[in-house]
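Chemist: Structure incoming, see below.
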Amino acid sequence: MGDMRNLLKMSMVAVFVGWMFIWVMISTNLFKNKWTPKMTKYFNTTYFGPQGINLVLLTVPMMFIAVLSCLYLHIQKKPTQTQSKSKIKGRMGRVMMVMNPLGIVTVTEFTFSLLFVALLTWALGNYLYLSYHVSLHNHDNAKIWQAKFRAFGLRIGYVGHYCWAFLFFPVTRASTILPLVGLTSESSIKYHIWLGHISNFLFLAHTVIFLIYWAMTNQLMETFAWNTTYVPNLAGTIAVVIGIVIWVTSFPYYRRKKFEIFFYTHHLYGLYIIFYMIHVGDSWFCMILPNMFLFFIDRYLRFLQSTKRSRLVSARILPSDNLELTFSKTPGLQYTPTSILFLHVPSISKLQWHPFTITSNSNLEKDTLSVVIRRQGTWTQKLYTHLSSSIDSLEVSTEGPYGPNSLDLRHDSLILVSGGSGVTPFISVIRELIFQAQNQSTKIPDVLLVCAFKYYHDLAFLDLIFPPDISVSDISRLNLRIEAYITQEDKKPEAAEDSRLLQTKWFKPQPLDSPISPVLGPNNILWLGVVILSSFVMFLLLIAIVTRYYIYPVDRNTGKIYNFSYRVLWDMFLGCVCIFISSSAVFLWRKKVNKEGDKESKKQVQSVDFHTPTSSPGSWFCSHDRELESVPYQSIVQATSVHFGSKPNLKKILFEAEGSEDVGVMVCGPRKMRHEVARICSSGLAKNLHFEAISFNW
């Protein structure tokens, strides 16, 4: 099995290096005037037309890697429970710098960013050399400097297209490419943001330069021209207008303060893609096809998963007015700590989906999955109001879970730093350690949880650390210490001042409810590979048939050139058809195969008696002389030191861990806190600190 994994890894690396080599060379004079004429007779056949070269050199290799990665991850994930033997590469190296607006940048990220910028600079330089010294297009009989100005604008657009070859990889939630380098969609959102800013800036420059050129040559009406045999300018104009709207509303102000505007305008990406592809044509479409093809497979499979109603078992309303929702799940659904789940509540919004941290552990809680929701913003406020009312059922759909492929907790000690609701991913980390502690031969690190809350009642989060049915023996090997800081209060409130108690609501099962399960059932990744392979092979066959027996005869028999826009529309249409057919077929087949298991799971959901915990988050607000009934909850209270009216001295806390050889440092909370911890870990003053940040800022 190890030999197979190594063979797959070497194959993927070799293909990827070759793919990147093509991207480096495609802008050169050597590629255009030496290699392209030779390859044309082999690849630009009557079956694929002018898109043949790009299809073979730039599309097929990445799709090949996508298929192999499914097999590689399937082999790597066995056994999925033994997370302690797996090591995540998600830290992406040592922190190099912390600065706005880039945030926390590691050495690896900085290196790859420099290489990518170098690729863009290299491409622009080569393209300009081709325009200025090899072949300067001047069909408008403009002045030489004007023709060069136009060429500069054209080549700027070419370089922006490079960004689109990678733009959708980070937002493919169930990606099989990102885990190969230890990334998840959540952790790599910032790469999508960076690429979006660069590409939109370049496309805007491309548009402005052409507008100036057309104004200088009295051709401003070219802005609205739609050429049937060449680039339709109007399509590009429409694409740029849509792109600017998406770009402007994606800035942090809209993402964090006016999320609905950001959310709805971002869904214009479908129109943006259509008009952009019509503008650039089928050959350039094939250059960026892999990341878009994989994205739309993922998007459609997520749609299929979201059509099912998930069984909501219970809701707990914490004294801090935050929520814990517990869902039923199939025992075969596995996920790693720090994973997230997307929720959709149609009674609140027909379109919006929101991600929330999973606090449960799939190894300890095989039949249930829990998420914690902080009440902030319009959507969560409405959800809180719904759950606080007298309803006995709630229609909820889910997507996910999504998270890292594995998590490395093999340290001498762990320091978990959190701010506010940032403590929730660490609940799943601690529960994973509880599970690993059941194996007596596994070394369990000492855990220090440093959490900062605004108010005392937020301590209710800490009572979620242990599962409801945990026993004393299960936590006997866990050495947990908690330092809690209450920043906005100087002392513990009187019981009369904080009389809010925990509320637990149980929901009746509905006929259409079903447990959360993998979208393609057991061996989800392997079946995803089947979808990718079958849909892409089908796409190649249909493109070959349409080109050979419909498009080629038009070009040959009528003496006319087949409509430029129709070519790429055929590509997009057939791609969507193949994704729809292949994904639906595999999904329905797996649904049929797993039908008996689903029936059994539904029966279990109907019959299982879910016990209310004997102690509750309200235990933090009991009087001092009242003894807690639950010994595990006593352990939480006894392990916690509460500090009022102060913030944690993170530098002192982290440097005090210098005695341990290997200290894992994880942080989740406000940006300022994450940056402060990153600066301390990257200062070099304590070389035993291994940093990892968890951020859910979309």
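Backbone N, Cα and C atoms are what each Cβ position is placed from, and that goes for glycine too.
Unlike curated records, TrEMBL annotations are generated automatically.
Per TrEMBL, domain 'FAD-binding FR-type' is recorded for 305-408. Among the features that TrEMBL reports, transmembrane segment is placed at 12-31, 51-75, 96-124, 159-181, 193-214, 234-254, 284-301, 525-552, 572-589.
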Chemist: Short question: most Cβ pairs under 8 Å with the transmembrane segment (96-124), which of 51-75, 159-181, 193-214, 234-254?
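Modeler: Of the candidates 51-75, 159-181, 193-214, 234-254, 159-181 scores highest.
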Chemist: Which sequence-distant residues neighbour the transmembrane segment (525-552)? Criterion: at least 6 residues beyond either end, Cβ under 8 Å.
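Modeler: 46-49, 55, 63, 66-67, 69-71, 73-74, 77, 174, 176, 293-294, 297, 301, 562, 567, 570-571, 574-575, 577-579, 581-583, 585-586, 590.
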Chemist: Do any residues, 6 or more residues outside the transmembrane segment (234-254), come within under 8 Å Cβ-to-Cβ of it, and if so which ones?
Modeler: 101, 193, 196-197, 200, 203-204, 207, 223-226, 261-262, 265-266, 268-269, 271-272, 275-276, 278-279, 565
Chemist: Within the domain 'FAD-binding FR-type' (305-408) only, compute the mean pLDDT.
Modeler: 88
Chemist: Kindly report the helix/strand/coil residue split of the domain 'FAD-binding FR-type' (305-408) according to DSSP, in that order.
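Modeler: DSSP composition of the domain 'FAD-binding FR-type' (305-408): 13 helix, 37 strand, 54 coil.
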